[in-house]
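Just below is one structure, and these are the notes that go with it.
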Amino acid sequence: MDWLFSFPERVSDAFTSHPAVVIFFILISISLGLLIYSLTQYRHNQTSKILKESMGQKKKEIDWNDLANKAFSKKEDKIRITLEQANILMSVQEYKRTMLFCTLGAAGVGFLLFPLASIWKSIFFLVGQTFVQEALGRLLATVTLGYLGSYIPYFSVQKKAKQRTKRLESQIQDSLEFIADGLQSGLILKQAIKQAGEELDYPIGDEFKRVYNEMETGRTFEEAISDMAERVNVGNFSLAVSAMKIQTEAGGELEPLLRNMSVIIRDREELKKEIEKTISGAKMTGIILLVAPIAFLIVFTLINKETYIGMVTTFSGQAMVAVALACYGIATFFITRIIKNTTSDI
């Protein structure tokens, strides 16, 4: 029981010695507590939630994340579309809560654990006092890791969305041929879409099944297929949807149009593969230029550690490290932009 009576005294000593750490720990604890409470109050059953909303049984809830709502309100539509493209049953509010949780967690790691302390402190080599260097380095680590932590949900969702999009790209041509065969056999458009949803593989089959269900609830074909094109996010399919909408408005036949679009998509895919082969060497060169400096630094440091310790302990070495990091950052920016611009229109 002695530790219980001495606990207030220990807290007081800790606050006297490291007030910033104690205050940050208290703020993190309060924030995590609010997040946990908000998450436990949220409905986890997605099916039940969708049914209740469709029946108009909406319950007004207390939102503890008003700050996050204001910060990301302009991106809600983009987040919603990305979640649909990844086929993740998560609302925008849940995504923002997860993002805030990751931000606070990564910031807490940066402030409390302070990983790679010597690197963070060496950035402020112009500051003479060691205590000030450590304080500024800890603050920079907190902000940087917190910022990077906020992107953990983003990269996870983007990775799953890209995997699903890649699979959809390989199914578009066959799905158009399948619907064309259904129309040729005498089915109407709605029945052909229903058959595609039942017989085609995931994920394109689920998308056509959703289109059919939306048409059953009263939406027009143009509205349902346009939403599908937005979710699928494949250029070839968007092109086919635009042609289908024009054809239906003009009263023409869809079956020959779908077959022609299938041929066009096949030709575009073959051209895309040829272009990717042509620029693959340039992309690999850019990746090597980005990885090589870090690889050389690790190898040389392992070979002659004493020499490279001077790079972070002396003023001239720290200055060279700062200049090298700045040059590396500029080069990374331009190389990634070149690679992205080269491959974005393929």
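Counting starts with 1 at the first residue shown.
From the backbone N, Cα and C atoms, a Cβ is placed for every residue, glycine too.
Note: TrEMBL annotation is automatic and uncurated.
Database features (TrEMBL):
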- 20-39: transmembrane segment (TRANSMEM)
- 99-123: transmembrane segment (TRANSMEM)
- 135-157: transmembrane segment (TRANSMEM)
- 178-300: domain 'Type II secretion system protein GspF' (DOMAIN)
- 282-303: transmembrane segment (TRANSMEM)
- 315-336: transmembrane segment (TRANSMEM)
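Distant neighbours of the transmembrane segment (315-336): 122-123, 125, 286, 289-290, 293; these residues of the same chain sit at least 6 beyond its ends, with a Cβ under 8 Å from one of its Cβ atoms. Averaged across the domain 'Type II secretion system protein GspF' (178-300), pLDDT for the predicted model comes to 87.
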